[in-house]
Structures are given as structure tokens and as C-alpha cells.
Amino acid sequence: MKPSVILYKALPDDLLQRLQEHFTVHQVANLSPQTVEQNAAIFAEAEGLLGSNENVDAALLEKMPKLRATSTISVGYDNFDVDALTARKILLMHTPTVLTETVADTLMALVLSTARRVVEVAERVKAGEWTASIGPDWYGTDVHHKTLGIVGMGRIGMALAQRAQFGFNMPILYNARRHHKEAEERFNARYCDLDTLLQESDFVCLILPLTDETHHLFGAEQFAKMKSSAIFINAGRGPVVDENALIAALQKGEIHAAGLDVFEQEPLSVDSPLLSMANVVAVPHIGSATHETRYGMAACAVDNLIDALQGKVEKNCVNPHVAD
């Protein structure tokens, strides 16, 4: 008899078929308490869980006594109670490598669109404001040869550094938990403390996961240390930034502009002051949102669940020690 798994995110037909070759698959719309209650017997028997954008906490795990592995279609897993999973010896799988290049593309797009005011001036053209030769009020700022500060030199940080160094001749500063020898050798990146990075960078790109240590890592103190001409980019996790402090820094002119793919609350409220600022490019968490990459992430998550329930945790496992 095939193991039972719960799928709470739609999959392409071929990937659903692959999953069904290994498991009895039960599809649900979400992991809300109402859904769990209505499908209590299914949740009680499930050995696997696959999906994204839902919280997996201790309360849910209490309803799933046979759960052995959960697979998220994402690289981030801050919506999972890792301690609760680990305490119950439940494997947590994620998709860390598939989206690297695509998210780096998004970061570079935010750098370019904020610096060159692409969104703002495009809207002005559509509004009929381009009636003569443009003047300084249409101008942006250069990207090439400007200093890029990267906070978080992981896979995505490395991919961004490659684009910035080889594509735009940008000097690279970085701050991370440890020195990154490859970044220093390939991109001539210079490790520095966070204060130095903030003071010297023309663009500050934040690429950090959300943890207890990184929550509100960027606040009023950090923005005050940046150049008034600096542009802030965040495509990591929204709550790493104190959004009210960011809004205040933009309103006071402490920083020049911001390109944001993530926010403290998502979707972003239509009443957010960020949406009324011409110097803010706000996009709806599109970091990995291409057809190719989202398919690749889903395929990776399917394979991860198959591997996990077969005891294979050599890659893409957040807590592999629980399999010991």
C-alpha cells in the first residue's frame, strides 16, 4: 500500500502524476483549522506533506501523528516550526538551489529600476507628460561602477555579485556570518562589518532569511548610517526590515530610494505609505516568479518528498539529523 501524502498546492499535471506513482495523494485547498477538521481522517493518516505559503506549526502536527516528512516549494521556511518538526523527527525539505539565478535577476532588476526610475518615468509617459525633450526631473542615477553592498553572501548573493561585478563593473562589499573566500577571489569582494558597508555602499542589497536574529535587523539606526544618495533593496524576507523605520528614512531623505520585493505583511496594504512614494519600486514577492523557475521548484519539492520518505536526506534537508 502506498504511503498517504497531502498536497496543499496545485501542481502541473506531470508532477502530480509523478507524485501519484509513489503515494496516495490527497489534495486540499489549504492548511486552515477548518480544512484540517473537515479532513481529519486524511490528516491523521498522512506520512507526507507538500505545498507552500501555509503555516506548519505544532498545532497542525498534533493532528498528523504519522507525518514523517514535509516538503516546501520554497527556499525559505520561516513559516515552519522547525523545532516542533525536529522534536517529532519529521524531516523538512526545501528548494534552495533551483531559484538562485532567477532571484538574482530580480535583485538586479530592482537595482536598475530604482536607480534609473524606470517604473516612475514609464508611468509619466503613459500619463502624457512626455511633451518635449526631457530635463533633469526625468534623470536617474548611474549603476555602473557604483559600490554594491550585499548583506548575506549565500548562493543568491554570489549570483548577484557575479552580475554586478562582470556586468556593471561594480565594486562589491559584503557582510555575512563568515568570510567567503570564493566571493573574494572571483569578484574581488571585500568583507566588512555592517556599519562600514552601510556607510560606503551606493546600493545596499539585503538577502537574508528570517530568523530570531535577523528580525528587524534593519531599523532606524541602520538607515541613518547609509548615504543620503543610497538605494536600499530587499528581496530576502520582509520582517528583516522595520518597515516603519524604512518609511521614515525615505520620508526624511535619509536614503534616496528603495526597491522592495518583500514586506512585513503580505500582501502589502493598499494604504501603505510606500505605495505613494515615487522613489519606491514595490513588486509582489516575484523573486522566483518565472514559469521556468516555479516549475523547477515544484519538481524539486516533489523529488524531495519522494527522497525523504525513502530515507534519502543527502540534499535539500533542513534537519537531516532527525533521520539518524
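The backbone N, Cα and C atoms fix where each Cβ goes, glycine too.
Swiss-Prot lists Arg237 (among others) with the feature active site. Taking Cβ-Cβ distances under 8 Å and a sequence gap of 6 or more within the same chain, the neighbours of Arg237 (active site) are Gly76, Asp78, Leu208, Pro209, Leu210, Thr214, Val262.
DSSP assigns Glu266 (active site) to coil, not to a helix or a strand. Around the Cβ of Glu266 (active site), 11 further Cβ atoms fall within 10 Å across all displayed protein chains. What Swiss-Prot records for Glu266 (among others) is active site.
According to Swiss-Prot, the active site, proton donor annotation covers His285. Spatially close to His285 (active site, proton donor) yet at least six residues away along the chain are Asp261, Val262, Phe263, Glu266, judged by Cβ distances under 8 angstroms. Taken residue by residue with DSSP, His285 (active site, proton donor) is part of neither helix nor strand, so it is coil.
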